[in-house]
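Student: Dropping a structure here in structure tokens format, bear with me for questions.
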Amino acid sequence: MANVTVIGAQWGDEGKGKIVDWLAERAHVVVRFQGGHNAGHTLVVGNQTYKLSLLPSGIVRGTLSVIGNGVVFDPWHFRDEVAKLQGQGVTITPDNLQIAETAPLILPFHRDLDGLREDASGSGKIGTTRRGIGPAYEDKVGRRAIRVCDLAHLDDLELQLDRICAHHDALRAGFNEPPIDREALKAQLAEIADFILPFAKPVWLTLNEARKAGRRILFEGAQGVLLDIDHGTYPFVTSSNTIAGTASGGSGLGPSAAGFVLGIVKAYTTRVGSGPFPSELEDEMGQRLGERGHEFGTVTGRKRRCGWFDAVLVRQSAAVSGITGVALTKLDVLDGFDEIKICTGYELDGKTYDYLPPHPQDQARVTPIYETIEGWSQSTAGARSWAELPAQAIKYIRRVEELIQCPVALVSTSPEREDTILVRDPFAD
């Protein structure tokens with residue numbers, strides 16, 4: 001059977017949660033493969049609204065959910081999120097949720113370092129969520145990380161603590177912070193271990209067995225391609241690779257397992273925090289998009305910056321991530337605009353670009369080249385078929401397809417999961 005990998009094709013917050021929930025009903029397994037609890041998903045199921053930041057979206061429907069080895073895992077946040085969802089009536093047990101034994105832990109001093117660095121950066125802030133994601137990935141790459149499997153071997157942790165504390169104590173001294181309290185840390189780990197360990201499994205084995213059995217696997221990406229550590233607007237990016245190729249390394253399945261790569265894009269563009277944003281609207285039009293789209297971050301609550309759809313960036317995202325088709329979300333937010341613009345290129349120092357230059361100073365200085373399309377007055381909210389869309393909305397969708405060189409597979413017209421127009425089924429064999 002076909003697998004599907006869902007990724008954001010902009011700067012995150014594209015509406016992946018709803019699309020993953022819509023697909024998860026037919027998936028046998030849902031997998032998170034990168035990131036941490038720094039990116040949120042909002043799911044609306046009936047009269048219930050669920051806000052997730054670490055758990056795979058499939059857990060809400062009881063689908064087997066997996067947190068892969070590519071995720072940096074905060075055990076205390078995990079416990080809180082599980083408790084919150086259980087309070088909303090969601091069943092979460094080791095029977096329907098597994099955590100990779102090799103996932104690195106986010107520890108309290110990672111959060112400390114994240115905040116200390118951001119505060120010391122002044123105008124150079126990159127907009128971190130201060131949740132310790134970056135420092136935890138640094139320790140993983142530096143071979144200092146304490147991992148989920150270490151919670152079962154707390155008596156054998158001294159050498160690892162020597163390595164990780166030597167590194168962090170030196171950094172903390174530079175901020176006039178005291179050394180890590182090793183005994184307190186061991187006590188914290190001992191306290192949380194009993195809650196975490198029942199969920200710890202060799203998830204690569206679970207996933208390979210599922211694949212051999214012909215079960216549908218849905219890979220759920222976090223953030224978006226434009227926040228990818230290699231392919232995003234560096235340094236205003238996250239600390240992991242967010243492209244679809246990461247689904248393999250972050251879960252323990254081979255690269256052919258990704259299947260249909262579904263890129264999620266808003267019908268306009270948003271960004272949270274600092275960094276270049278060529279099509280940003282810092283005027284009444286941008287404010288109108290933000291108000292109509294309720295653009296506030298799920299995790300941080302920060303107001304999102306808004307702008308017109310940037311076809312250049314989405315085309316770039318589709319290329320580097322091998323996107324098979326896109327899901328266009330929040331089409332209804334554009335209802336009632338007399339004119340709608342699409343960014344089709346950039347100008348910089350007299351030169352025209354059909355891609356975003358790599359240097360941050362150039363990215364900040366490019367001027368967008370726009371194509372203007374007539375808007376529509378008829379509401380698209382709640383539409384579930386092409387027949388319910390106004391002709392100009394269909395024209396807009398078709399023009400987006402042409403410019404990003406990628407077909408639209410789904411169109412979302414409201415937060416409700418059923419308000420979705422299916423053009424091509426990603427799970428079709």
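Glycine is no exception: its Cβ is also placed from the backbone N, Cα and C atoms.
A quick note: this is a predicted structure, and the numbers were derived from the prediction, not measured.
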Student: Thr63, Thr206, Thr233, Thr238: which one does Swiss-Prot list with Asp13, Glu14, Gly15, Lys16, Asn38, Ala39, Gly40, His41, Thr129, Arg143, Gln223, Arg302 for the IMP site?
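Tutor: The record-listed residue among the candidates is Thr238.
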Student: Provide the number of Cβ atoms within 10 Å of the Cβ of Asn38 (IMP binding site), excluding the reference atom itself.
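Tutor: So the number of other Cβ atoms within 10 Å of Asn38 (IMP binding site) is 27.
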Student: For Arg304 (substrate binding site), which of these binding-site residues sit within 10 Å, Cα to Cα: Asp13, Gly40, Thr413?
Tutor: Asp13
Student: So which binding-site residues out of Lys18, Thr129, Arg302, Lys303, Leu331, Thr413 end up within 10 angstroms of Gly40 (Mg(2+) binding site), measuring C-alpha to C-alpha?
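Tutor: For Gly40 (Mg(2+) binding site), the binding-site residues whose Cα atoms are within 10 Å come to none.
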Student: When the Cα of Gly15 (GTP binding site) is compared with the Cα of each of the recorded positions Asn38, His41, Thr129, Gln223, Arg302, which one is closest?
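Tutor: Checking each of Asn38, His41, Thr129, Gln223, Arg302 against Gly15 (GTP binding site), the shortest Cα distance is to His41.
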